[in-house]
Amino acid sequence: MRVWLASLFLCALVANSEGGSELEASDESNCGCQNGGVCVSYKYFSSIRRCSCPKKFKGEHCEIDTSKTCYHGNGQSYRGKANTDTKGRPCLAWNSPAVLQQTYNAHRSDALSLGLGKHNYCRNPDNQRRPWCYVQIGLKQFVQECMVQDCSLSKKPSSTVDQQGFQCGQKALRPRFKIVGGEFTVVENQPWFAAIYLKNKGGSPPSFKCGGSLISPCWVASATHCFVNQPKKEEYVVYLGQSKRNSYNPGEMKFEVEQLILHEDFSDETLAFHNDIALLKIRTSTGQCAQPSRTIQTICLPPRFGDAPFGSDCEITGFGQESATDYFYPKDLKMSVVKIISHEQCKQPHYYGSEINYKMLCAADPEWKTDSCSGDSGGPLICNIDGRPTLSGIVSWGSGCAEKNKPGVYTRVSYFLNWIQSHIGEENGLAF
């Protein structure tokens, strides 16, 4: 009872002090107030000091800026309240037991200067690309970039290109246009690669369906033949930043398909697929489009009717089978190099004859040892045009895999630029 009365008396004194009886402490260093906060003590308890924060700031030291909804630069000075990663998963508090085992936590001697404290707000204490936090995934804690916007992107874009901070065709790793044959790779080599999965019932993991390419922050280009038998957008989920299929990849983003557009003149009545192009509009569960990162980037579109010269080396990427006799798709992303073949050669009778038209591109390994195969459908054919990686083709069809005189056939993207723009619109972030 005495304890309760004492507590009540203390609360009354504190309440009274809030009404105007607070006194400024003579030594503000004892509080460590930031952002214009004033160190104050109570009239009857002068040894108890705290920070009185200006409007818009809160926290023990007024270190949290409640008005900040975006970050500047790389966000090292960000002190806002974003507290989820790019997939909407909650951040761990910097003073939580799990985080205390990590390098950056609230118990560091420099925690206050780094923005760390008794909260779970996103920070960038180690000068990374953007604000991040620790997220619990299974039994482990992972560093995850946060769902918070770059302030420079909140301004109205000056053009239709690069409106989300992307730089099309830019890789985190050095370009690899000289490899011979296929090899397993990481998505940093093809950061525009999109993995499209078909949802399964009963809670089982989704099944890999096709590849695609991120052509703007909200749009993925793929092949119509991937979806004609199951055209409902709700049946698909799209991942960016995946190096391993059906596995968690740090930095990956998951999207629902908001809109699925199949080409109205698609035809598969013969061996060939005609007008084999599709567009998927993607959004996260929180309504976000793709965010640029080391593993996620857009790919440049080609000039109108501008294609790589015949004989050019181009890259193909996917989770497709390594041969026509394989039953399972590989777990790791694979990249190969093929050469563009002329229409005249590809239309030869011992190639594909009259099945080839001007809306298609042919490409193959001169040794016929590597090729796109089942499971690579919809994925990118990336060629160097005017010094930058460009989406020249979309994996469409072919006879077998790496068969002699049977090159892979790709949708010629430069022919379909008007179709793409007519469906996406002008303010789209496309880069040509």
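Every residue gets a Cβ built from N, Cα and C, even glycine.
Going by Swiss-Prot, these are the annotated features:
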type	residues	note
SIGNAL	1-19	signal peptide
DOMAIN	27-63	domain 'EGF-like'
DISULFID	CYS31-CYS39	disulfide bond
DISULFID	CYS33-CYS51	disulfide bond
REGION	34-57	region 'Binds urokinase plasminogen activator surface receptor'
DISULFID	CYS53-CYS62	disulfide bond
DISULFID	CYS70-CYS151	disulfide bond
DOMAIN	70-151	domain 'Kringle'
DISULFID	CYS91-CYS133	disulfide bond
DISULFID	CYS122-CYS146	disulfide bond
REGION	152-178	region 'Connecting peptide'
MOD_RES	SER158	phosphoserine
DOMAIN	179-425	domain 'Peptidase S1'
DISULFID	CYS210-CYS226	disulfide bond
DISULFID	CYS218-CYS289	disulfide bond
ACT_SITE	HIS225	active site, charge relay system
ACT_SITE	ASP276	active site, charge relay system
DISULFID	CYS314-CYS383	disulfide bond
DISULFID	CYS346-CYS362	disulfide bond
DISULFID	CYS373-CYS401	disulfide bond
ACT_SITE	SER377	active site, charge relay system
Those disulfide-bonded residues listed as CYS31, CYS151, CYS226, CYS289, and which of them has the most Cβ atoms within 10 Å of its own Cβ:
CYS226
When the domain 'Kringle' (70-151) is classified with DSSP, how many of its residues are helical, how many are strand and how many are coil?
8 helix, 21 strand, 53 coil
Between ASP276 (active site, charge relay system) and HIS225 (active site, charge relay system), how many Å separate their Cα atoms?
6
What number of additional C-beta atoms lies within 10 angstroms of the C-beta atom of CYS146 (disulfide bond)?
25
Top Cα neighbour of CYS31 (disulfide bond) in the set of recorded positions CYS133, CYS146, HIS225:
CYS133
Restricting to the domain 'EGF-like' (27-63), report the mean pLDDT as a whole number.
80
Pop the Cα-Cα gap between SER377 (active site, charge relay system) and CYS210 (disulfide bond) into the table, whole Å please.
5
Alpha-carbon distance [CYS362 (disulfide bond); CYS314 (disulfide bond)] in Å:
11
Who sits close to CYS91 (disulfide bond): which same-chain residues at least 6 apart have their Cβ under 8 Å from its Cβ?
ASN83, THR84, ASP85, ASN120, TYR121, CYS122, CYS133, TYR134, VAL135, GLN144, CYS146
Looking at the disulfide-bonded residues CYS39, CYS51, which sits with the largest number of other Cβ atoms within 10 Å of its Cβ?
CYS51
List nothing but the one residue from CYS53, CYS362 whose Cβ has the fewest other Cβ atoms within 10 Å; the candidates are the disulfide-bonded residues.
CYS53
Compute the C-alpha separation of CYS70 (disulfide bond) from CYS289 (disulfide bond), stating it in Å without decimals.
16
